[in-house]
Ligand code: FAD
Ligand code: NAI
């Protein structure tokens, strides 16, 4: 069978690309090695983590904020089995939805491990031991990523776990050590802290979510600390050992100026290793296509997402750039449109990043650290959530919106938020920046009152001419 396009991997990049190819009239096949479609995001990533974040947030509010709203509850308990069951139901409905979309768009779906036989032929090794080879004029590698670890922290999936196991624990840890206070650490650490675990974060950098604007990490730390978490920043893990019923994590603080080196041992029942993810190309037999992966396992692509073999493309977590579902989706669409000769475009600087803690963290464009580093003249406007009527009404007063604008032109360069519904609010900042709005442009647009979005308008007013109204 010869296809116009064969896509290996059915994550957000692969399935979105397949649908766009089919919409454009290309005969398309998709290959997935697991039994369900949707990749990391739908099966063990975005969707299940958000389901548990929402459930744990409901519990936390019922236990800690309902009374102040005048709602009394007694004998509140967590039914973890039910929480995990509901999460799985959400995943099942969502992944079945992708199968439906493949059928609806007449995309042939093959289940099995795809590997190159030659630059145009892909062998599919199926779970029943049979094999089938299909040919494609164009091939898209969309094989995603896997959790990363280091030799000092060997994953055993029992007590030393990755995000995949943390999404289906059978008990609430008494003490959870989280190595890496990045996005996964912040989200899944929050889930268990809300459910009553003592959570200790060990982080190599000096703050949470260190790659985002520094203001966000500091604010996030304050809110996660309120959940009872503790933090070991600038600490290095030297050993993680599963002793049977427990896990022992040895950490050091390297000697700084005037400091004594600090050596600490944390004893916990689980240790979540969330130190990043690694591009996944195992089993693809890239050599048969004349391709290689770099030292981080990634496939090199040009600005058209073409590999060194022009009819083979790659996207998403398996190539450079942010490891985000919506980045992979944009790239899937981009490749489909490129194949039919269109001239699509992705503005990588305007791909937003979101952390689904509560309050949520969301960011787009330059961070303050980046504008400083690139010597771009800038000004800052910030507005705290506690000055918003809407935030006081809902008791969501933690957080702020920070807008960076060009000092001379007033064009918005970056927007960084932590606050209620920031994940949805960031879309307004993306739209404004796509249209190259100035801070004054946004500050002159009517924002419904009372809404959280007023914080963005007020921060833009502050950035324009220090003229926030409610502060
Ligand atoms: P993937 O989703 O990883 O899909 C790749 C697919 O390829 C997999 O199904 C794999 O089985 C298949 N595959 C691999 N090799 C082969 C082969 N040889 N043959 C056949 N099939 C193969 N991102 C967000 O934007 N928002 C979030 O809220 C978010 N939350 C996350 C939470 C967690 C816990 C994790 C781990 C990740 C999260 N991410 C989130 C990141 C997001 O999941 C990834 O960026 C996204 O899934 C990448 O999409 P992809 O299409 O590149 O690859
Ligand atoms: P990450 O890159 O966000 O965070 C890893 C953290 O581990 C960093 O802060 C890093 O400094 C730290 N670290 C690295 N080595 C360490 C060590 N030896 N000791 C202590 N700390 C160490 O990676 P994470 O959280 O694993 O997530 C992987 C990817 O998944 C991210 O790139 C993210 O984009 C994606 N993701 C996205 C989500 C979202 O969009 N909401 C949610 C979850 C994951």
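We number each residue from 1, going along the chain as drawn.
Glycine is treated like the rest: Cβ placed from N, Cα and C.
As written in TrEMBL, here are the features:
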- 449: active site, proton acceptor (ACT_SITE)
- 50, 114, 143, 144, 145, 317, 323, 324, 325, 326: FAD binding site (BINDING)
- 180, 181, 182, 183, 184, 185, 186, 187, 203, 276: NAD(+) binding site (BINDING)
- 41-46: disulfide bond (DISULFID)
- 3-332: domain 'FAD/NAD(P)-binding' (DOMAIN)
- 351-459: domain 'Pyridine nucleotide-disulphide oxidoreductase dimerisation' (DOMAIN)
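Everything TrEMBL records as a feature, shown here on the structure.
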| residue | record | contacts (Cβ under 8 Å, 6+ apart) |
| --- | --- | --- |
| 41 | disulfide bond | 11, 12, 47, 325, 328 |
| 50 | FAD binding site | 356 |
| 143 | FAD binding site | 8, 9, 279, 280, 281, 284, 318 |
| 180 | NAD(+) binding site | 202, 203, 204, 273, 274, 275, 276 |
| 182 | NAD(+) binding site | 208, 209, 210, 211, 274, 275, 276 |
| 184 | NAD(+) binding site | 49, 163, 272, 274 |
| 186 | NAD(+) binding site | 208, 209, 220, 224, 355, 357, 361 |
| 449 | active site, proton acceptor | 389, 390 |
Query = For the recorded positions 41, 180, 182, 203, 323, which residues place their CB under 6 A from an atom of ligand 2?
reply = 180, 182, 203, 323
Note = Record-listed NAD(+) binders 180, 181, 182, 183, 184, 185, 186, 187, 203, 276 have a maximum CA to CA distance, in Å, of 15
Cα-to-Cα gap, residue 46 (disulfide bond) vs residue 145 (FAD binding site), nearest whole Å = 14
Key: Intrachain C-beta neighbours of residue 323 (FAD binding site), sequence separation six or more, cut-off 8 angstroms   = 145, 277, 316, 317
Inquiry  = Neighbour count, 10 Å Cβ-Cβ cut-off, for residue 203 (NAD(+) binding site): what number do you get?
reply    = 25
Task = Output: those recorded positions from 46, 180, 203, 325, 449 whose CB lies less than 6 Å from an atom of ligand 1, in sequence order; none if no residue fits.
result = 46, 325
Ask   = When DSSP states are grouped into helix, strand and coil, how many residues of the domain 'Pyridine nucleotide-disulphide oxidoreductase dimerisation' (351-459) land in each?
value = 39 helix, 33 strand, 37 coil
Key: Reported mean pLDDT - the domain 'Pyridine nucleotide-disulphide oxidoreductase dimerisation' (351-459)   = 98
Task = Measure between the Cα atoms of every pair in 50, 114, 143, 144, 145, 317, 323, 324, 325, 326, the residues the record assigns to FAD, and report the largest value in Å, rounded to a whole number.
result = 30
For residue 46 (disulfide bond), the number of other Cβ atoms found within 10 Å of its own Cβ = 21
